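Read through the structure below, which is laid out as structure tokens, and then see the notes.
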Amino acid sequence: MVWAAVLAGIVARVDLWWQGRAFWRDELALVQSLDTYSLRKLLGPLSDTQSAPPAWLLLERLVTTAFGTGERAYRLIPLLAGCATLVLVALLARKFVRHTWTAAIPVLALATLPQLVFYSAQAKQYTTDMLLVTGLLLLGVGMLRGEPSRRREVAWYALIAIGPWFSHGFMLAAPLLAAWVGFVQWRGGVRSLLGQLARLAVPGVSLLLAALWARHLTSLAPDFAWYWKPFMRVGDRGRFLHWNRFLWEDFGIRELGFDRPWALVLLAVPVLGLAAACARRWSRSTAPLLVLPLITAYAFALVSMYPFGRRLVLFCVPGVLVLAGIAVDALVDGVRRLAPSWAAQVVGLAVVLALGLVAWTTPVGLNQDLRYQYGVDDYRVALRFVKARWKPGDVLVVGNGDRVAFRVYGPRLGLPADRAYRAMRLLDETKRVGCPLPTGITSAGRIWLMTGDRVSIYPRDRSRYTVIVPFLDRYHRVYFADKGHVTIQVLMPGPARGVEPAKGRCLGFAPVGPPGTPARPPALPVD
């Protein structure tokens, strides 16, 4: 049953990867740097405040050098990491349960959680976070329970040294996990405190250097803290309590897949699992390992050093799901002491069914989420449409937030970079008719407008309307289409007959420019 759940999760991930869906916004922002930066530049600040571990970036470059820069090649490492995580979680869960079938609970949940499936087929580092942290948990359990093994010990310290360069989540979780394993070994007389410190010296220095480098790069991206502000501690005591409710409810819904009304209540299940595991003599020393990544992430959010939210804390999920499986396993054990074995199995299955009704993403629900919720904006199909109908003298105007799409797909499709502009928000938001426009755009025979429906230029205004209004006193629209939640409009000279142009906010315009160009460059002179 456990391995059937693993296989189901792998099939779901490979299926999504094989579809070769277009890069979505978050991927585009990272891929633009991976496409164009040299190896040396790739290890520094990335374009558009993106951040990723340096060794992971180098691994992506190695794969795309060998297999090309298509969507599947960029997503190969995340796919392999996502599939391998399922295997490691199965092995980890079996070390904490008495009834083998209960180990399938965390694996099945992991196999079908929409976010985890989605990021297993996206060019982002989050499945690598999960893989490395789960691997460290598995090694930690072996270090505390197994017979002394030179090979396991070398793997433990080597992973602590290397992992932080591949994963920011691992970088956060590893110190506390290493400290706990060292403490238990010291208390058990396995190794002296001095011996522990000596063995951790090199891995500790490596981890510290990785942390300092990551902190340096993050400090160069002020938008990172602003974007993730809701997931870091703010305000007074009243706001702190509200923040905690928001934080844990969001974690239960987004990362664990709980239904909204039950999100906070169901978090009690892994808590009960932790208590049950600590009550068992054979798992007492290793049970805390499962919750330490979660504690670490929350602690860093408390001091406003790392956001506790969404994809950035996916590395906490495997341990929490294993604790949920332990809770069911302990319940079956408890009933078994009071009733026949078959009754205990029935009760356990009934509990699993009840949890499934409020906390399991069905295959239908998973397909629905992947189709309509995650990564639905398809710039590739929109730009292919533009390329197929492009004429000499045309210009393309995209929203400022859509510039990364042109940087990635424009060169792939052969669209001229010198004919691509971005529309930017202005400080003066007065609505008017007759906005000034740059000559580079007005001299074109035809103007293409491309905007993502989920990326606004002015807050609360749909970009498809914002981008066209400044043109309507001297141009008329001859084409409109929604291609994969990306809007395409075509303008020709001359205002529409018999239609009074609407007032709207004016825009600034600048060339799209290569990756690394400022997010808000100086606007072009206007006529």
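Backbone N, Cα and C define each Cβ position, glycine as well.
Listed in TrEMBL:
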| type | residues | note |
| --- | --- | --- |
| TRANSMEM | 76-93 | transmembrane segment |
| TRANSMEM | 99-119 | transmembrane segment |
| TRANSMEM | 126-144 | transmembrane segment |
| TRANSMEM | 156-181 | transmembrane segment |
| TRANSMEM | 193-214 | transmembrane segment |
| TRANSMEM | 261-279 | transmembrane segment |
| TRANSMEM | 286-306 | transmembrane segment |
| TRANSMEM | 312-332 | transmembrane segment |
| TRANSMEM | 339-360 | transmembrane segment |
> Are there 3 or more C-beta pairs under 8 Å linking the transmembrane segment (261-279) with the transmembrane segment (193-214), counting only pairs at least 6 apart in sequence?
Replying inline: no
>> If we skip the immediate neighbours and take only residues 6+ beyond the ends of the transmembrane segment (312-332), which ones have a Cβ under 8 Å from one of its Cβ atoms?
In response: 85, 88-89, 92-93, 96-99, 102-106, 109-110, 113, 115-116, 119, 126-127, 129-130, 132-134, 137, 167-170, 172-173, 228, 231, 251, 255-256, 269-274, 276-277, 279-280, 283, 287, 289-294, 297, 306, 344-345, 347-348, 351-352, 355
>> If we skip the immediate neighbours and take only residues 6+ beyond the ends of the transmembrane segment (126-144), which ones have a Cβ under 8 Å from one of its Cβ atoms?
In response: 53, 56, 77-79, 81-82, 84-85, 88-89, 91-92, 95, 116, 119-120, 152-153, 155-156, 159-160, 163, 166-170, 173-174, 177, 180-181, 184-185, 285-286, 289-290, 293, 311-312, 314-319
>> Can you tell me which recorded stretch out of 76-93, 99-119, 286-306 has the most Cβ pairs within less than 8 Å of the transmembrane segment (156-181)?
In response: 286-306
> What parts of the chain pack near the transmembrane segment (76-93), using Cβ distances under 8 Å and only residues at least 6 beyond its ends?
Replying inline: 2-3, 5-6, 9-10, 13-14, 17, 56, 59-60, 63, 67, 102-107, 110-111, 116-117, 119-128, 130-131, 134-135, 137-138, 141, 318, 321-322, 325
